[in-house]
Amino acid sequence: MTPTVTSHRTRPPAQPASLRARRLPWYAAPAIAVAALALSVVIVYGTGIGGPVLVIVLGAVLYLVGLFAAANAVEGRRSARNRTWSALIHSAFVLAVLPLASVVWTLVSKGTERLDGDFFNTSMNNIGARDPNGGAYHAIVGTLEQVGIATLITVPLGILCAIYIVEYGRGKFAFAIRFFVDVMTGIPSIVTGLFVLAFWVLIVSPWFNDGRPSFSGFAAALALAVLMLPTIVRSTEEMLRLVPAPLREGAYALGVPKWKTILRVVLPTALPGIVTGVMLAIARAAGETAPVLLVAGGGAAINFNPFENNQSSLALFVYQQAGEASKYSPARAWTAALTLVALVLILTIAAKLLARRNRLSR
Amino acid sequence: MAKRVSASNVTAYYGGFKAIENINLTVEPKTVTALIGPSGCGKSTFLRSINRMHEVLPGARVEGSLTIDDQDIYDRDVDVTAVRRTIGMVFQRPNPFPTMSIFENVVAGLKLNGVRKKSILEDAAEKALRAANLWGEVKDRLAKPGAGLSGGQQQRLCIARTIAVEPQVVLMDEPCSALDPISTLAIEDLMFQLKDKFTIIIVTHNMQQAARVSDRTAFFSIEKTGDPGRLIEYDNTQKIFSNPSVKKTEDYITGRFG
């Protein structure tokens, strides 16, 4: 009589027999890549169906297939899928970076041609199609003034609006505000330009200009403000919501009034994120062409006064120079584009540094 | 300094949900009172209604009367910020202000309430940090961020921040539940010392802690989920833990339910 042995603990089926597993050697992936490229060259040029681009695309596909097959044979299915998806994700990253790198390279290589003192010291006033010099001084002044005024308008308004939505707003009114901010996000810039043209330039500005409507940098700033406001409200709102409720409660429990809690505890905590949102809005506004063209009109001369007469901006300058019938204008357009990107970059870095200096260093 | 807290018929709601019902209880000055009971029985809700923190949540409201030395804190003409300055609160998780240094955290309550003079702030910070048994550990790095301290130190920083405004009652909502045993011991020792000056009410899930630190213990419970929490028994801690008069208290303390 044999006693039935029932083991007290059976091993669950998911438990592996060993913790070790077979791995592909380190040189497997590069070797497969080389083999895939070689095979791709043979196929593409052997059949004569395409050029180097097809070689790379086909090579990448063959590499993925080969990698999956090899890993599947040696390491098993899970590992094979892991390797294939990792390779796909890396290729997606490369695909995303390629256009960015290409833009930066084009900007720098073409934009440095006119990157001289003249460009930053002169305007396009009295510059004809045959003149090689001329510059974007007036456009830089216009961009700085218009974006500056728009920022001065939208930053307080946007942050206060977000504070209302997050900290005070209850019920239908707050919901309506959020809804319309969302709607504003989707308004095309040309429409805001038309709105300011119809409202400010045609109806309001005649009151200040002896009855005649007038283009102005301020009108452009208003249009940019309409564009910036929803971005700032939404990003600030998200950042304020990220501030943990226990921080607010901690301040309330010390007998700090609500407004002071918001001002001294909530806003400083959310500041770095708010700054990022504001900088995104500024970057977007600085790159707008259509509203400036519609309500500031552009212009070749330097105009420091944003409240009277035509003003240009860097984005508008790029647009106008790119369409100019002069062999010197494309170089000016590229340099202006480079200047615009550099300007936004410098502003962003400066703002980030400022926001960080207020925080404590860890 | 310390004041008597007394609740009569306190009922608190979250919107339509009644969280606690008809709580009657008096806390004597310069004592430690522990509120114990199973999760969801409303001890924290009751604690938060003592310094009007309950109403911070949307839809939350309190009925009945709560008095601090015969002054009803739910009177219409009572200033909420004054109530909270009189009745301080320490939370479950340490919540130092991340943008402030250790020093700024301690004096936040004073500074945000308009005290500007540096000498006053420095004296108050040292006094509060000494009282919270933290001075020795942080006196050389007062300018460093408060969030850089360990969990136990952060909680003592929060206690220092609370007592720096010199309240009369200190509420503690499970102050040790996120802390290790050594930090817990430090905070329990601290409670013994603070008792000389303040009235302390503490919510705790740890019955040993309640037995160790408190003079009086209140046991809260609910019939079933969805019912409002009620005060079952309120007596001297020793009596509650050795010879409770209600069967339910005994069951809870001996671990038969909850």
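Heads up, the Cβ atoms here are built off N, Cα and C, so glycines get one too.
Not measured: the values here are computed from a predicted model.
As annotated by TrEMBL, domain 'ABC transmembrane type-1' applies to A:140-355. For A:26-47, A:53-74, A:86-108, A:147-167, A:179-203, A:215-233, A:265-286, A:333-355, the entry in TrEMBL reads transmembrane segment.
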The answer for the transmembrane segment (A:86-108), taking Cβ pairs under 8 Å and residues 6+ beyond its ends, is 60, 63-64, 67, 334, 337-338, 341
Quickly jot the same-chain residues contacting the transmembrane segment (A:53-74) by Cβ under 8 Å, restricted to those at least six beyond its ends, or write none. 22-24, 28-29, 32-33, 35-37, 39-41, 43-45, 80-81, 83-84, 87-88, 91
Intrachain neighbours beyond the transmembrane segment (A:333-355), with Cβ under 8 angstroms and 6 or more residues off its ends: 107-108, 110-115, 119, 136, 139-140, 143, 271-272, 275-276, 278-279, 282-283, 286-287, 314-315, 317-318, 321-322
